[in-house]
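Q: For reference, TrEMBL lists these features for the protein:
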- 25-136: domain 'RGS' (DOMAIN)
- 141-165: region 'Disordered' (REGION)
Amino acid sequence: EINDSESHPSSSHQTLKGTSKWATSLENLLEDPEGVKRFREFLKKEFSEENVLFWLACEEFKKTQGKKQMQEKAKEIYMTFLSSKASSQVNVEGQSRLNETILETPHPLMFQKLQDQIFNLMKYDSYSRFLKSDVFLNHKKSEEQEENSPEAQTAAKRASRIYNT
């Protein structure tokens, strides 16, 4: 069993939301469904969406219970991302050493090395470009406009009046 209790953000990061949190690390971005959605949107434009899709599939695979389900998911990941005929092939080292025989005896971390390669590729390549992209900057701008909207301010002023009297 894999326990990821260590990977929760520290209390100092819990106050950050949305784009501010995404900008602190790729891990934070990938923990947020909206962040994943925006990152995918960006990667699609860069023709590398398969990287985040592979990473997400591997995360899901680690949670799979039962040998039969694991075999099915492992085969799906292999056929979608790793086989030479894959529809969304990812570019990873050691791929040629992977063959279909490993799919018969799957284990939760069987794709870990390849997943780590893709994570590092995203972290040191596309993630930094994402933070400078229109997709990210426009989302950040709309977030800031929401925070500064008259509705948000009046609610905050009402709250401060209530608590300061």
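A Cβ is built for glycine as well, from the same backbone N, Cα and C atoms used for every other residue.
TrEMBL: automatically predicted annotations, no manual curation.
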Q: Pull the DSSP breakdown for the domain 'RGS' (25-136) and write it out as helix, strand, coil residue counts.
A: 81 helix, 0 strand, 31 coil
Q: Summarise the model confidence on the domain 'RGS' (25-136) as a single mean pLDDT, whole number.
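A: So the average pLDDT across the domain 'RGS' (25-136) works out to 92.
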